[in-house]
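Asker: Per TrEMBL, the feature transmembrane segment maps to 29-46, 53-70, 82-105, 117-138, 192-214, 226-247, 253-272.
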């Protein structure tokens with residue numbers, strides 16, 4: 001039953017992303033790639049597709065696209081508003097979308113679409129208020145709710161390196177080394193230096209690509225696409241820097257930033273590929289971006305039974321019960337994704 005519920009929610013998110021992204025992504029293949037990325041991004045492979053506990057990471061991605069998009073029909077307005085409300089009630093992380101909600105309100109007022117607050121922004125506010133209201137009533141939950149460790153101080157350099165590796169390298173560089181549980185607290189090695197240099201170069205190339213697309217978009221008066229790139233990229237990076245510094249740099253927190261980068265990449269590609277802008281010898285180069293993303297998906301896929309069977313609470317409790325049957329056992333070890341790194345949870 002849980003698996004069917006998860007399948008429904010993921011399909012709902014996929015469909016909503018595909019429809020809502022039509023404002024900034026005119027190419028249907030780009031919209032399809034963006035919609036499927038919430039299950040195909042390599043970093044999402046750290047979560048079980050049958051585990052409902054971490055669906056909120058996918059819902060946050062879909063909610064960002066909804067707030068960036070436009071709702072042309074009553075059905076779309078109801079569907080998208082319902083999704084952002086569900087997202088708000090599911091996770092406190094929805095607060096990260098405050099700049100996106102503010103941008104949407106400003107964009108609609110500037111374009112004279114409506115002088116009232118857009119329904120999706122109202123839905124976001126209702127969901128967010130409900131989430132933090134329940135946290136206030138229940139007494140919060142501290143950093144344990146987020147997976148954070150208040151006793152560990154993470155330096156700015158380490159946070160930036162993890163941003164480059166877990167958001168950019170692992171998701172957009174094919175055959176990038178697998179992520180391990182190493183927290184890089186045991187000194188700097190030659191391998192880390194080489195990886196850092198590669199990531200800095202790759203990050204620099206992405207910045208140049210984004211800046212050039214922004215320049216082209218401004219020259220062609222495509223303000224909406226340009227602002228979508230700037231806002232989503234800023235929100236994604238700020239989201240990671242805050243959570244990784246204050247709470248945790250777990251791979252699951254890289255899902256939303258990686259999605260934001262992909263959204264910006266596809267939007268920038270769309271700016272270059274608009275009719276009348278296909279300069280000979282230049283515009284086909286942007287086709288390399290979707291190809292790079294697809295190859296990255298394929299090169300990092302790691303099949304695992306846990307991905308379809310758990311870890312769910314029921315499966316974890318069953319493993320723990322079996323482990324406790326061993327005479328003298330004080331704890332039970334439950335395996336989690338990724339299994340190649342032998343990551344486990346002690347119960």
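Please read every residue number as a count from 1 along the shown chain.
Using the three backbone atoms N, Cα and C, a Cβ is placed for every residue, glycine included.
Unlike curated records, TrEMBL annotations are generated automatically.
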Asker: Which residues of the chain, 6 or more past the ends of the transmembrane segment (192-214), have a CB below 8 A from one of its CBs?
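Answerer: 161, 164-165, 168-169, 172-173, 177, 184, 226, 229-230, 233, 261, 264-265, 267-269, 271-272.
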Asker: For the transmembrane segment (117-138), find every same-chain residue at least 6 residues outside the stretch whose CB is under 8 Å from a CB in it, and list them.
Answerer: 63, 66-67, 71, 77, 80-92, 94-95, 97, 101, 104-105, 108
Asker: Would you kindly list the residues that approach the transmembrane segment (53-70) from elsewhere in its chain, counting only those six or more residues past its ends and only Cβ-Cβ distances under 8 Å?
Answerer: 6, 9-10, 13, 16-17, 19-24, 34, 38-39, 44, 47, 80, 83-84, 86-88, 90-91, 93-94, 96-97, 100-101, 103-104, 113, 120-121, 124, 228, 231-232, 235, 252, 255-256, 259-260, 263, 312-313
Asker: With Cβ-Cβ distances below 8 Å as the criterion, list the same-chain residues six or more beyond the ends of the transmembrane segment (82-105) that contact it, or say none.
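Answerer: Distant Cβ neighbours of the transmembrane segment (82-105) are 12-13, 16, 55-57, 59-60, 62-64, 66-68, 117-118, 120-121, 123-132, 135, 145, 227, 231-232, 234-235, 238-239, 242, 256.
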Asker: Which sequence-distant residues neighbour the transmembrane segment (226-247)? Criterion: at least 6 residues beyond either end, Cβ under 8 Å.
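Answerer: Sequence-distant neighbours of the transmembrane segment (226-247): 24, 64, 68, 93, 96-97, 99-100, 103, 107, 143, 146-148, 154, 156, 159, 162-163, 167, 210, 213-214, 217-218, 253-254, 256-261, 263-264, 267-268, 271.
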